[in-house]
Amino acid sequence: MVLTDDELHTSNGRQAQIVSGLDRPLKTKPLGEQPRAVRRQAMAVILANVGVLSTGMTLALPTVTLDQLKDATEPVHLNGTQASWFASVNALAAPLGGLLSGVLLDKIGRKRTLVVLNILTIVAWILLATASQTDSHYFFWQLIVSRFILGIGMGLASAPPGVYAAEISVPRTRGSLILGTSISVAGGISMLYGIGYFIRDDFRLIALICCGYQLVALLCVLPLPESHCWLLAKKRVAEAKKSLNYFRGLDKSPHITHPQVLEEFQVLQKSLQLRDAEEKASFLRSLRLPEVHKPLLILMSLFAFQQLTGIFVVIVYAVQISEEAGISIDPFMCALLIGLARLLTTCPMGYVLEAWGRRRAGIISTLGMGACMFLLAGHSWSSLLRDVPYLPVVSIVGFIVLSTLGLYTLPFFMISELFPQKVRGPASGLTVAVGMFISFLCLKTFPDLKAAIGMSQCFVFFGAMALLAMLYIYWALPETRRRTLLEIEEQFRSGKRRAPAEVEMQEVFVRKPEQ
């Protein structure tokens, strides 16, 4: 077949178009966002958070065991005051765990801190399972010591997984990975509510089940690579290169050959060198810096509102509150619904926070929480509301769902975003310590507050605090969506928001001139 001149010209033109199309550079994702790297980051965060379920189980334990522990027909049992200590002493100990996490994160690293967490909680569950069956005095103190150690574990678990996730990830995946801690806590609550639904009269068996789970969690932590940020800060350069290569989807090599990874490593190294060249100040002296004290005050206030709105009170006293709210279904079933609602709502929170942003999620959350609490209060006052079927169940479960969409999740989520790296360990620990101490005060005084003003007035108080939290989030909380950690730090330092950066730690990156 012979082509005419016109056909040859047309054919050559098409070939030229095809060739020119091939010459255009294909847009590919950065190395850290490609599937292999994301899978490695996600798997490491999942394994790091397996032990964090102990926090949720610790919170939920009073709900499923207090009825048996206060049963006067048992050979050993607790009175009302002892029961309130059992329910709240873990929150009193949690600040110690938070402070301890700040020390351990910097001294022994992210991975070894998680190992310490799992060993502590194993000891605590063993103590609970072997509590005295004949002596009430020893019975009470063994329970308290066990709960105290579990509280230390709560504080210890709050920061390391989030810090680890923030350091090994890239900005686009960071939000979803940091959320692993909140999902694990929600999973632990649901798990224990489920166990308690089926085992209502044997807290020792429940403790043994939790102990077995914690042993598995310890084994999950052992194969984790250490964070390259911590390794480089400790001058362990070869190990840091291996870790960074691994989390960017490459082989674990002590040599970096990929230009994107090399660029990221050099930026991080330069940042740490500049930090080391500065006069090393103590954490107390660092509090004078705006990029330290501003996020510290913001997060401490956010933790205070989290506790004063009754989020942890509802978790710890779920069965008891369900009974007093006039719920007609099995209160243990209601508690299980609360746990499942929290878990199912927490899972898509990475997408929600990226789609809505932190501020919008917090405002919607607190507004809805206030409405649910006012409905619960109105149910006991208004005959019209009393006629609405299942209103208490819907209101309590709705409160849990809406709190998970914002106020419950945000403080733990943002603790890994707001603090600069040089104080991230101690600042995170101090913030959690303050939050857990406020939690202790709320849990310890709730039974007395309920006896003094009644359950309905407690609901009104929680609702009012939720509305105040909404105003605070609108006024004070910064938006961190799709921003690098150093951009966030720079905003606190200068008071101005910078344009989004493509590379983490771009402040110290110098572009090469084009050839």
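Along the chain as shown, residues are numbered 1 onward.
Glycine residues also receive a Cβ, built from the backbone N, Cα and C atoms like all the rest.
Please treat TrEMBL annotations as automatic predictions, because they have not gone through curation.
Feature list (source: TrEMBL):
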type	residues	note
DOMAIN	44-481	domain 'Major facilitator superfamily (MFS) profile'
TRANSMEM	44-65	transmembrane segment
TRANSMEM	85-105	transmembrane segment
TRANSMEM	114-132	transmembrane segment
TRANSMEM	138-157	transmembrane segment
TRANSMEM	177-199	transmembrane segment
TRANSMEM	205-225	transmembrane segment
TRANSMEM	296-319	transmembrane segment
TRANSMEM	325-345	transmembrane segment
TRANSMEM	361-381	transmembrane segment
TRANSMEM	393-415	transmembrane segment
TRANSMEM	427-446	transmembrane segment
TRANSMEM	452-475	transmembrane segment
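When Cβ distances are compared across the two stretches, the transmembrane segment (44-65) makes contact with the transmembrane segment (325-345), since 3 or more pairs at least 6 residues apart fall below 8 angstroms. Nonlocal intrachain contacts for the transmembrane segment (114-132), taken as residues 6+ away from its ends with a CB within less than 8 angstroms of a stretch CB, comprise 48, 51, 54, 76, 104, 108, 138-139, 142-143, 145-147, 149-150, 152-153, 156-157, 160-161, 164, 203-205, 207-208, 210-211, 214-215, 217-218, 221-222, 224. Residues 60, 63-64, 183, 186-187, 189-194, 196-197, 200, 314-315, 318-319, 376, 379-380, 386, 390, 392-393, 395-397, 400-401, 404-405, 408, 455 of the same chain sit 6 or more residues outside the transmembrane segment (325-345) yet have a Cβ under 8 Å from a Cβ within it. Ranked by Cβ pairs under 8 Å to the transmembrane segment (393-415), the stretches 177-199, 205-225, 296-319, 361-381, 452-475 are led by 361-381. Only sequence-distant pairs (6 or more apart) were considered; of these, fewer than three Cβ pairs between the transmembrane segment (205-225) and the transmembrane segment (296-319) are under 8 A, so the stretches are not in contact.
Taking every recorded stretch in 177-199, 361-381, 452-475 and counting its Cβ pairs under 8 Å to the transmembrane segment (296-319), the highest total belongs to 452-475.
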